[in-house]
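Student: Feature list, courtesy of TrEMBL:
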BINDING   54, 55, 56, 97, 206, 257, 258  substrate binding site
SITE      167  site 'Transition state stabilizer'
ACT_SITE  247  active site, proton donor
Ligand code: MRU
């Protein structure tokens, strides 16, 4: 299966080439495939805020390379005070988006490498190696989670299933071929899934623009539905799993993910459909006890009121939270590269996180 999965890795969200970070501009997909070159951490920070690159693991990877770029520039410009000068870049980077913990996790990882750089030595080789490791280990985590999640689906039923997914959790959101979408890909290859329902994911349309594009390019049968069709679909359709990713999972197993996930979790429980959350352990934040402690990002009204740059509604006040929190008791299973947790609790999450770290 691993070889089959590797053969399915075709789309990349980012590339590190000759000292620059290249980002596939997700704001204009799928109609335009255009790449943006980032030579500075300021450019990467802006790209994360503007959603050129998005999805928790991909944000973490981009942030790791931003630290390399910040160190390069500061070391060139201020060889004696580059460490303190970099602080400003790291703070700006950390302020780019608040909810996905992978951003902060990656910055902390890079900080710990920075601390090991001897005085009067270029930080670049060590930092570049660390960023590449973050990138490669996320890809590896995707491959492991895909197989673990597929086995969970197989355990519950051998016959091909219909599943529903929300947002984009594929190659565009990670360093590999996806978290939740990685499980869907593996389950499709194993003959365990034969149709994917894709929530369009208002307002940014990660589902209809990004997930649909990825699935179509893999020739996996799909249909896109309006988010508001989910209750109808779960009652009328023969969906057995809702499979989603996560931006932050707290110590008790609460899950922050794309806005609309919470309502899906309620609907899934009501209709006796299982909810699987797939995320690498870099998305688990054991410092926060519950989802109530998570900062939920709110974005501007124009994401609700404009379509392809055209204003389609009156300029009235808007409420645009882009994540929500699903309580642990509505989650049937969390799949990580460290293992699988059913009906998550604090004890089970602590046990999971005490397993050997891949990252
Ligand atoms: O606002 P986005 O597009 O960055 O939100 C992405 C999500 O909510 C994903 O579901 C999550 O990051 C998991 S991606 C593997």
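Including glycine, each Cβ sits where the backbone N, Cα and C put it.
The shown structure was predicted, so the numbers you read here are calculated from the model rather than taken from an experiment.
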Student: Please give the greatest C-alpha separation between any two of the substrate-binding residues 54, 55, 56, 97, 206, 257, 258, in angstrom, as a whole number.
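Tutor: If we measure all Cα pairs in 54, 55, 56, 97, 206, 257, 258, the largest is 17 Å.
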Student: Filtering 97, 167, 206 (recorded positions) by proximity to ligand 1: which pass a Cβ cutoff of under 6 Å to any of its atoms?
Tutor: 167, 206
Student: Roughly how many angstrom lie between the C-alpha atoms of residue 54 (substrate binding site) and the residue listed as 'active site, proton donor'?
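Tutor: Cα-Cα distance, residue 54 (substrate binding site) to the residue listed as 'active site, proton donor': 11 Å.
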Student: Under 8 Å Cβ to Cβ from residue 56 (substrate binding site), same chain, six or more residues apart: give me those in sequence order, or none if nothing qualifies.
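Tutor: Listed in sequence order, they are 100, 101, 102, 103, 173, 245, 246, 247, 248, 279, 283.
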Student: Roughly how many Å lie between the Cα atoms of residue 257 (substrate binding site) and residue 167 (site 'Transition state stabilizer'), rounded to a whole value?
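Tutor: Rounded to a whole number, the Cα-Cα distance is 9 Å.
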Student: Near the Cβ of residue 206 (substrate binding site), how many other Cβ atoms are there if near means within 10 Å?
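Tutor: Other Cβ atoms found within 10 Å: 27.
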